[in-house]
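*Asks:* Dumping the structure here so I can ask a few things about it.
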């Protein structure tokens, strides 16, 4: 459902790009913060199996609430197609997203760890294969959803008025979640279920807290130093737990630079999707919608994971290169940085094709001649010659009122409001010329659709429709409102009061704006469409969406060597009773990455999107250098062997501790008895 989420915010809840991006990344961050809660529940209370079941139910309820929130008819009392109580829809959306975040976040640390629990210690190769298949499965689902959900969203549904069907886009995942939960429960008897081993996360935190406080109390130089600062917890906690905490802290320390990778990776669903709305999605027989472009990622995952596992890594091994997991992750971060360089280059090309819209201090105007004959006009200092029923080539920019000279005795002063675009039509009344102003669009049409309007120069009122949409009755020398029309070759049906009809077709690309001029010479009949003149106000998107493929390829390649490796690394370096804890820590890096997007996007306030892409690239390269230095000094461990050593030492340590405690008890006990006797004697003397 994330595939359409940012578009739902923008086009249904009517939020702007920046706020939609902010809420999107806030939601994603929350989805990856709640794994800590899921890990605590799984390890200390329910176990992984029951945690997955119960929180999946919460997940499903959240999806249902999201589907309900997207039904515009529930508050559309006047049946005009627009919700009358947007606050209710926003409240339901936020509730739904909160439940989804709790559900998905709660099961995230459990699913991978639960899968890893199905293998014995000697099945390292099979477990490694499992994590690759596990990641493939996730991305196979992502591929299907990213393909299908935008198609569901593009359908029109509603009780009173037809709108884009976000309820269907959110409702189908809810239904599929019910099915998947049922299948998971059916397999219950086949699973190896590890019983919860107590609130290990709380125990770890207490152990760390005691070590810090104990070290602070003994900070004087008279106390001997210990090998590791966690050794200061030995007075209260056994060495096995301390050793396990040391293992976890070593890995968590390595996680510190990782959020920067996710800060770039998760912008595929926000900034890259919005970038695609300004591009051409026509692939010949196939038309790709902006939110469907994300399917490139899971498609490449399905292709690259087997290739990397079965070809690239073995080939590197045969070359006797020590391509360790941490080196793989470093390469993955660099590839993500290159992906954003590619995105910046694409954005530069897009920016060159965008029209120059007026700033807040100037106005723009173009001119259309609605007279059946050539005319020469002067707008300010700009002489313009217009053929019959034609428009000026470009918009002219004016920073102050200007004189519009239409001929002898027809000179007017035109004052354009700052920050606006206008179309000025020139008509003839009797023997004089005059002008009429109409406001134009000052931004690209949304979602890659095309903004169309009708200028009626015919001598009677016309009614124009395109598909199920109507421009209404348009009187002579008047302009209709804009209507958004999808890419393709739509048919415009033109009718008059007498029932005459004319069909006009116009081939449309993505993101254009046209004014269809119906001249005074228009006449109903077989060749009626020939006299209609399309005037382009905003040119269609000319940069093809295929140019996004290189950035997706680089990002996905980085994901394969970074994320799959990171999952396996987290599991392999975690103590046996802290698998979910470390998985939650790994997922926490995703949450922090999305928070970084919010901070950088808000703090940077860069006007150019390509500059923001390069800023993220620079930050990632810096972090990558830091991570590579940290990885150089990391020593890989085998948690099973370390735990076995301490398990062997445990009986001896317990006996030694017991003997020491008895000695202290006897010593302190005698001192107390002696003190009591002495006090008693003193009291008798006083008496």
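The backbone N, Cα and C atoms fix where each Cβ goes, and this holds for glycine too.
Heads up, TrEMBL stuff is auto-annotated, nobody curated it.
According to TrEMBL:
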{"type": "TRANSMEM", "residues": "20-40", "note": "transmembrane segment"}
{"type": "TRANSMEM", "residues": "52-74", "note": "transmembrane segment"}
{"type": "TRANSMEM", "residues": "86-107", "note": "transmembrane segment"}
{"type": "TRANSMEM", "residues": "128-148", "note": "transmembrane segment"}
{"type": "TRANSMEM", "residues": "168-191", "note": "transmembrane segment"}
{"type": "TRANSMEM", "residues": "247-265", "note": "transmembrane segment"}
{"type": "TRANSMEM", "residues": "299-317", "note": "transmembrane segment"}
{"type": "TRANSMEM", "residues": "329-350", "note": "transmembrane segment"}
{"type": "TRANSMEM", "residues": "549-569", "note": "transmembrane segment"}
{"type": "TRANSMEM", "residues": "581-601", "note": "transmembrane segment"}
{"type": "TRANSMEM", "residues": "613-634", "note": "transmembrane segment"}
{"type": "REGION", "residues": "666-687", "note": "region 'Disordered'"}
{"type": "COMPBIAS", "residues": "675-687", "note": "compositional bias 'Polar residues'"}
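Map the listed features onto the structure and describe their local environment.
*Replies:* Residues 1, 8, 12-14, 27, 30-35, 37-38, 41, 51-52, 55-70, 72, 74-75, 170, 587 of the same chain lie 6 or more positions beyond the ends of the transmembrane segment (86-107) yet place their CB under 8 Å from a CB of it.
Same-chain residues lying 6+ beyond the ends of the transmembrane segment (128-148) with a Cβ under 8 Å from its Cβ atoms: 1, 3, 111-112, 115-116, 118-119, 172-173, 291-292, 294-295, 297-299, 301-302, 305-306, 309, 563-564, 567-568, 571.
Outside the transmembrane segment (299-317) by six or more residues, the chain places 129, 132, 135-136, 139-140, 142-143, 323, 552-553, 556-557, 559-561, 564 with a CB less than 8 A from a CB of the stretch.
Away from its own ends, the transmembrane segment (549-569) comes close to residues 112, 127-128, 131-132, 134-135, 251, 258, 261, 264-265, 268, 272, 293, 296-297, 300-301, 304-305, 308, 325-326, 328-329, 331-336, 338-340, 342-343, 346, 583, 586 of its chain (Cβ-Cβ under 8 Å, at least six residues beyond either end).
Residues 18, 21-22, 25-26, 28-33, 35-36, 38-39, 43, 105, 108-110, 112-113, 200-201, 204, 248, 251-252, 255, 258-267, 270, 566-567, 570-571, 573-574, 612, 615-616, 619 of the same chain lie 6 or more positions beyond the ends of the transmembrane segment (581-601) yet place their CB under 8 Å from a CB of it.
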*Asks:* Take the transmembrane segment (168-191) and find every residue of the same chain, 6 or more past its ends, with a Cβ under 8 Å from one of its Cβ atoms.
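*Replies:* Sequence-distant neighbours of the transmembrane segment (168-191): 1, 4, 8, 49, 52-53, 56-57, 59-60, 63-64, 66-67, 70, 96, 114, 118, 145, 148-150, 152-153, 155, 157.
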*Asks:* Given the transmembrane segment (329-350), which of the listed stretches 52-74, 247-265, 613-634 has the most Cβ pairs that are under 8 Å apart from it?
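*Replies:* The stretch with the most close Cβ contacts to the transmembrane segment (329-350) is 613-634.
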*Asks:* Under 8 Å between C-beta atoms and at least six residues away from its ends: which parts of the chain pack against the transmembrane segment (247-265)?
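*Replies:* Tertiary neighbours of the transmembrane segment (247-265) are 204, 208, 230, 326, 329, 332-333, 336-337, 339-340, 555, 558-559, 562, 566, 569-570, 573-575, 578, 581-582, 585-586, 588-597, 600, 616-617, 619-620, 623-624, 626-627, 630-631, 634, 637, 639, 642.
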